[in-house]
Amino acid sequence: MKFFIFACLVVVALAKHEIKDKSSSEESSASIYPGKSKLDNSVFFQTTKDSASSSSSEESSEEVSEKIVQSEEQKVNLNQQKKFKQFSQESSFSQCCTPLHQQQQSSVNQWPQPNAIHNTPTQESISTSVEEILKKIIDMIKYIQYQQVTIPQLPQALHPQIPVSYWYPSKDYTFPNAHYTRFY
């Protein structure tokens with residue numbers, strides 16, 4: 001959360017710094033080109049009509065088109081700045097800073113009280129839910145008993161088998177279940 005707030009502050013500071021740099025550079029360009037200009041939200045830009053009329057006699061068509069493109073970009077930037085300002089004004093972080101009991105009091109009173117629905121269980125609904133639970137329990141018990149009857153027991157070995165370790169082979173090779181006799 002602290003990182004998010006810090007990042008937002010850095011972005012705002014950089015945006016203000018860029019706006020100041022742009023406005024100072026555009027004001028200097030306005031003094032070079034004598035023409036009408038507009039100043040809106042501390043951002044300077046020339047209108048397309050004024051720039052086209054003043055530059056038609058002085059500059060080539062390429063320079064005029066570049067200025068028109070720049071003015072359109074400035075308009076787009078202004079629109080983005082306005083949207084950002086609206087968003088920052090609409091989204092207030094005061095709710096994060098208010099105590100919890102004040103937030104709950106404000107949220108409780110939002111709905112009209114006469115239309116409130118009271119969900120209190122009746123005796124009939126309680127008895128039906130108890131019956132359903134008992135049926136489920138009985139079904140589970142029957143299922144468990146059925147499994148115990150139907151699952152066959154694993155057959156036990158008639159003769160116990162001797163475990164063989166293959167890591168330490170014996171001198172005599174023997175089968176674990178067969179009787180071995182030595183012949184010398």
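The backbone N, Cα and C atoms fix where each Cβ goes, glycine too.
S23 is the residue among S23, S60 that Swiss-Prot labels phosphoserine. In Swiss-Prot, the annotation phosphoserine falls on S37, out of S31, S37, S71. When S25, S53 are compared in Swiss-Prot, the phosphoserine annotation sits on S25.
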